[in-house]
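The next block holds one structure in the form of structure tokens; read it before the comments.
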Amino acid sequence: QVDAVRVYVNSSSENLQYPVLFVVRQQKGVLSWQVPLIFRGLYQRTYNYQEVSRTLCPSEPTPETGPSDQIVFVDVASMAPFNITYELLVTRLENFQLQTNKAFNFTASPSQPQYFLYKFPQDVDSVIIKVVSDAVYPCSVVSVQDIVCPVYDLDHNVEFNGVYQSMTKQAAITVQRKDFPGEQFFVVFVIKPEDYACGGSVPSSIHGNVNRTWNLQRTKNLQVTIVPSIKKSVYVQAMFFSFLSFLSFYLGSVVVAFVHYIRVRRKASAGRLSPDDGSGMMTSSHPITASTPEGSSYGAIDESSSSGGHQLPSPERGLPAGSDTDSSVEEESDFDTMPEIESDKNVIRTKVFLYLSDLSRKDRRIVSKKYKIYFWNIITIAVFYALPVIQLVITYQTVVNVTGNQDICYYNFLCAHPLGVLSAFNNVLSNVGHMLLGFLFLLIVLRRDILHRRAMEMKDVYTLDYGIPKHFGLFYAMGIALMMEGVLSACYHVCPNYSNFQFDTSFMYMIAGLCMLKLYQTRHPDINASAYSAYASFAVVICLAVLGVVFGKNDMWFWVIFSMIHVLASLALSTQIYYMGRFKMDGPDSDLGMFRRAAMVLYTDCIQQCSRPMYMDRMVLLIVGNLVNWSFAIFGLLYRPRDFASYILGIFICNLLLYLAFYIIMKLRSSEKLLPIPLFCIVATAVVWAAALYFFFQTLSSWEETPAESREKNRPCILLGFFDDHDVWHFLSAAALFFSFLVLLTLDDDLDTVRRDKIPVF
């Protein structure tokens, strides 16, 4: 048992020019203070206390000397030219050593800090120090320090040694035996003289009587409990669970591919194989010429009459088998710069009823090359983005480990399990799903790509005009984006805070944008955005997100500018989508021609044809989409949410879900089918996303608040004693994104046997 002594002093003197000085000399060190004891706050504000109580550094008996009495010298002095009355009281502490799994209650104040000793039991390698209080204020600091004298237990020096964190109602610090060679440590509790560090009101500068800062009542009742943390076997179980859970997706994919292969072989042996059965395997049998009832495609008229009585031959018809190689000299402009083709494109894309054959007229090799740029560009972006991010979070973690300041990172401290240099290994490990499932999606896309190439080699030229054109560049980019989301989310959770939150959301913007581009590309392969313009748009969004984090808290001017940009961008994009990219705001009449053309289009399409727009389905989608985006803009102006990055992500996700719902509804309206695999993926996506969002909204920390306020939201682990709610969100969101990608990949497999001039565009 370790004995400790506490010294209490009190002086009635209020003369700051002649304080009473107390010096305590012990075997291991010297401790000194003055009365009145002065603390300093903001604006040079001072807080004076006439009662001071300090615990002396304890001396532990050694085996060589055995128990011995402590010799303590207390020197009292003052330079005052008059007598000063003081009171001195020395007491022995009965409960100085904390016990495992046993709660201990005590009180502390700025001038009367407390600290206690804890020794590791033989079978415990790691413990969690849990501190709770019923009162939010006064703000306090919990510190863990090595057995060194003197103990730093005042507001101005508690940060000099050990690990510490600020606290309002709750705090938790994980301590490992390996960090303390003596297998014991002090737990120090300090009450701060002001509350601004914990989110309290900031005191104004002093005007008037300073006596109001004397002997403020800032006593806080605290309860500390030290419990054993998890054992090493739990780390192993958690890692096995993480990898095996997602490797099961690989097993499921292999089973589905094998079953599909068996079905294809059986159909092939029976002579009933369709031209493209979703896997690229085919025979020379002629495909079905139509799969939709006559007149079901929005009342479509005959193709020959709608295109002016002629149709350009598809460039794909003249391609020899196996000519899918890229050429560095072939560009998109090789087709588009021909004047007669440009004129024909203007005629075709402004028809009332469009079919896929109207928008898949370009050379397949050139279009495929265009979409492969998405893949190579996102790899380049990922490398240049990830490397400085990794370097930065390593620096953050190093600063936390060296300084001991646990207010830098916003962890869920009740479920933060360290490993190596990482303070919260569980938050990093839970992102493995994004990387594993992203790689699996790349393998699935690669398989489809290879089978499609084989199919192209086996097909006769007649069957090239069937099904959705197969361009896999965007799918490869989506797989890389999913993997990078896992990497950057893991980097963010190395030390989550206000400064690096955009790391966790940057590739989420790209994933949502790429999914919308892929949906649009499916039935508009010739007019989709180029990779350069798409990634440039994503870069603008990320810049806006950074500006929003910096200026979006209280600056109204930022929200006005952002809302204007948001609304104008929605209108501009809606115009391009409505007119299939054929609307141009330029003309021969200099700058005034732009406004004249806009007024003419507005009069023709909105006033003369007000009863029924020329493109009804597109108009309905764009009206709903603009209403949603304007609602977001109005919400932002009125409430100015502090989490601007999540606000932008919500805009992207809502637009993606709206477009996907429109696409599926129009697909069903056109009498197209949902095959079992895409139907299963749609249901799985909805179920898993619903479960994932439930855990996402279980807020466990918030860098929008002070570290002490954020810790009030901390909660214990819920899975295997290792993962918290946010880790479960990581697991489920990875699976939900994977199923979402599979929906886009397989949604139109039913059209592989349908002629492109029978597939409607929407």
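Indices start at 1 and increase along the chain as displayed.
Every residue gets a Cβ built from N, Cα and C, even glycine.
As recorded in TrEMBL:
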type     : residues : note
TRANSMEM : 238-262  : transmembrane segment
REGION   : 271-336  : region 'Disordered'
COMPBIAS : 281-295  : compositional bias 'Polar residues'
COMPBIAS : 327-336  : compositional bias 'Acidic residues'
TRANSMEM : 374-394  : transmembrane segment
TRANSMEM : 428-446  : transmembrane segment
TRANSMEM : 474-495  : transmembrane segment
TRANSMEM : 501-520  : transmembrane segment
TRANSMEM : 532-551  : transmembrane segment
TRANSMEM : 557-579  : transmembrane segment
TRANSMEM : 619-638  : transmembrane segment
TRANSMEM : 644-665  : transmembrane segment
TRANSMEM : 677-697  : transmembrane segment
TRANSMEM : 728-747  : transmembrane segment
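Long-range Cβ contacts of the transmembrane segment (557-579) within its own chain (Cβ-Cβ under 8 Å, at least 6 residues beyond either end) map to 349-350, 520, 544, 547-548, 551, 615, 618-619, 622, 625-626, 629-630, 632-634, 636-637, 640, 651. Under the criterion of 3 or more C-beta pairs below 8 Å, with sequence separation of 6 or more, the transmembrane segment (374-394) and the transmembrane segment (644-665) do not qualify as touching, having fewer than 3 such pairs.
The transmembrane segment (644-665) makes no contact with the transmembrane segment (474-495): fewer than 3 of their CB pairs lie within 8 A, with pairs spaced 6 or more apart in sequence. Tertiary neighbourhood of the transmembrane segment (501-520): same-chain residues 374, 378, 385, 389, 393, 474-475, 477-478, 481-482, 484-485, 488-489, 491-493, 528-529, 534, 537-538, 541-542, 545-546, 549, 577, 645-646, 648-649, 652-653, 655-656, 659-660, 663, 703, 737, 740-741, 744, selected by CB-CB distance under 8 Å and a gap of 6+ residues from either end. Outside the transmembrane segment (474-495) by six or more residues, the chain places 371-372, 374-375, 377-379, 382, 385-386, 389-390, 393-394, 396-397, 400, 408-409, 422-424, 427-428, 431-435, 437-439, 441-442, 445, 501, 503-504, 506-508, 510-511, 514-515, 517-518, 521, 730, 734, 737-738, 741, 744-745 with a CB less than 8 A from a CB of the stretch. Against the transmembrane segment (238-262), stretch 728-747 has more CB pairs under 8 A than any other of 532-551, 619-638, 677-697, 728-747. Note: the stretches the transmembrane segment (677-697) and the transmembrane segment (728-747) are in contact (3+ CB pairs below 8 A, sequence gap of 6 or more).
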